[in-house]
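K.L.:
If you look up Swiss-Prot, you'll see Gly617, Pro618, Asn619, Met620, Gly621, Gly622, Lys623, Ser624 marked as ATP binding site.
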Amino acid sequence: MTETNFSTKNSNHTPMIKQYLSLKSQYPNMLLFYQMGDFYELFYEDAKRVSRLLKITLTKKGNSNNNIIPMAGVPCHTAEYYLSKLVKMGESIAVCDQIKDVYSEKKLLTRQVVRVITPGTITDEAFLEENKDNFIAAVWKENNKFAYAILDISLGFFGVSEHFDRNSLLSEIERTNPTELLYPENFEDMLLISHKKCIQKRPLLDFDIKISYKLLTLQFKTSNLNGFGIKKNHFVIRPAGCLINYIKLMHISFLPHIRKIQFNYIENNIFMNSSTRKSLEIIESISGESKNTLSSVLNKTVTSMGGRLLNRWLNTPSKDLSLIKNRHGMVKLLRPFYKEIQCILRQVSDLERICSRLALRTALPRDFVRMRSTLNILPDLCLILKKIKSTSINNVLMSIGKFEKILFLLKKSINLTVPSSIRDGGVIACNYNKKLDELRSLKKNSQKYLQDFEVKEKSRLNIDSFKIGYNNIVGYYIQVNKRHSHLIPHSYLKIQTLKNVERYSVPLLKNYEKQVISAKFQAIFLEKTLYMELFDIIEPFLEDLKNSAFALSELDVLVNLSERSISLNYVCPKMTKKYGITLVESRHPVVECFLENPFISNSVDLSKKNRMLIITGPNMGGKSTYMRQVALIIIMACIGSFVPAKYASIGLIDKIFTRIGSADDVSNGYSTFMMEMTEISNILHNATCNSLILIDELGRGTSNKDGLALAWSCSKYLMTKNKSMILLSTHFIELTKLENFFKNIKNFYFSAFEHDSNIAFLYKIKKGISKKSYGIAVASLSGIPDIVIQDAKKKLIELESDNVF
């Protein structure tokens, strides 16, 4: 047998291995956690893979079919920790449990897969990241257009979008960053998705439009999808149906909290491709970290729901002027109250994900406790919001709600502190159910009964060593020292002899044991029943609870932006339909937070008179920072945030493009020059007059003449055809002559000065052209040997006098 062959026909396999292989054949592309007593074991290739990923010992389990069986395992009680690590690595796991009693007379225990865990279908908080959405996605191509569907089971969000080109789809994949991505077996554009960690090929039948339509209407309990803005034959139905079908295959048979599907119109938001997102370091830095990003500065939300929502906003800045102005208005109104509100919001749990687990009936006892705590503080929050006289704030207030009935139920039914699961009881509070109280009382009073029995018999028999004990093997027993065994009456039945003691039982004790154990199991069974009834009682309120969760997350974001505006000295931008961008004494929102010295502010004026600013100056002089801060301020303003400037007026922006070399990725076989040309080509084809374009040193990576010619021609095309708003930095001084040909091109520069072989950067933008590049001075700061620097200075003098070699 090879390690990838799951056939059970070979009679040389042991019964256990046959059972394992049979189960494994049903989940060939997943790791199979196979329970054996107190451990989950993995065999063959699964064992090797898990051993490598988790750095656990790889051992072996004898031979089967004349082959050594590789084996690795983890204890059952720590399995969740290892499962979480594997899921975060992009692995999918089938968990197979023993379902027969351990003491069954059958030699081979019955086992079955009880849950399937994939990166995109998890809802357990142990596997989820607090401030990140957890999307599973599916893609479909038809007539050179793409349909894309996303679903976050942990939140209950389901959306679809339509894309007319590869760049648009790639941008959406990067924005949503799915943890699992499904694609049809005949998908041709694998380069678009092959970089994702967990991609799953699915049969074409999963994307069948008729089957998908039926699945979706059944899911939403509707006769059609017209109410969601989706026509019967629209091709977005295909990937959406594939997601529903796949999730059902993953042992999630019903999704009661998925009640609608949202058609996401990407044209409602500012378009940013993956290159722009990387170079602007909005959510992740170029190195893939979360620190030193726009999100790391702006996202000081106090709830995980708010953290996720703000990151969504940062990834999809709006073009809707009324929406943006409404957010600015609420941020302004909330400024005097942010401390009070944040103090209360810190007590709010992740109600979004709790609601989803309640709908799926996978909520743990702590979810009920956290929901109770959250609902308990809502009245205090509402009292503060009522002080603010605003229609927008009042709408948030109405959505938050009160939920007195649910709160009363949870206070009455759930203990103040609860165990991690309902398995052993201890969750339902006293005085909630009379029968449960009686059963618990019987169990509780058993200790008093046993103590009385022990005192009575000890006195009657005059045996000092007489005592009553309990273990899981023999149950309740009477124990005496061997030296007192002659005093034991004949009615006592000896059940165990140990080194120094003997153990006995009596019918009275056994009968009482049965009553106590029966009461214990009856209590646990009843408690589980009452626990499940809570799901039924809460279910009708779930939609309102989800709306409340969203309102709380939105409030958290807006209050957070209020706090940021005060703490970081931001101003409310003026949003207008007019063309252009005016920023007075603007600052880079990220860089200013990490400088020891005050950030040097700069202004910018992009208008029909100043469409392109050509910026010269030394490396490290501030050119890239200046360009990035303009784009970041636009993004901040368009999500509803105040901005780092003394004054800001921002017109309509439809797209933001960047060509900044620090984001180059040559791992796919592209040279830096090819990357640059590809991105510039994309800009030339897709930018409009309302687009903001940042280009840092166009024309690198080839000869000076080739580079200058390309930079000149591209700049000319952008001015005459695209007519966009452009910030272009360059070391080609010749490029500044474009100002002589176009009245709406202006030259600016960042200056520096040298003194005693040292260079000082002024970081202040001025009108005009930089006289020097200061390249050698900057190079000396990098630690290049002084002898090389001095030689370079001599060569520069020769070059400038045309006496080259």
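Think of each number as a place in line: the chain as shown, counted from 1.
Backbone N, Cα and C define each Cβ position, glycine as well.
Each of the listed features needs to be described in terms of its position in the shown structure.
P.N.:
Counting only same-chain residues six or more apart in sequence, the Cβ atoms lying under 8 angstroms from the Cβ of Met620 (ATP binding site) belong to Phe761, Val778, Leu781.
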K.L.:
Within 8 Å of the Cβ centroid of the ATP site residues Gly617, Pro618, Asn619, Met620, Gly621, Gly622, Lys623, Ser624, which other residues of the same chain have their Cβ?
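P.N.:
Sorted by sequence, the hits are Thr625, Ser729, Phe750, Phe761.
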K.L.:
Measure the Cβ-based neighbour count of Pro618 (ATP binding site), defined as the other Cβ atoms within 10 Å of its Cβ.
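P.N.:
So the number of other Cβ atoms within 10 Å of Pro618 (ATP binding site) is 21.
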K.L.:
Which secondary structure state does DSSP assign to Gly617 (ATP binding site), in the simple three-class scheme?
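P.N.:
Once the DSSP labels are grouped into three classes, Gly617 (ATP binding site) ends up as coil.
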K.L.:
Count, for each of the binding-site residues Gly617, Gly622, the other C-beta atoms lying within 10 angstroms of its own C-beta, and report the residue with the smallest count.
P.N.:
Gly622
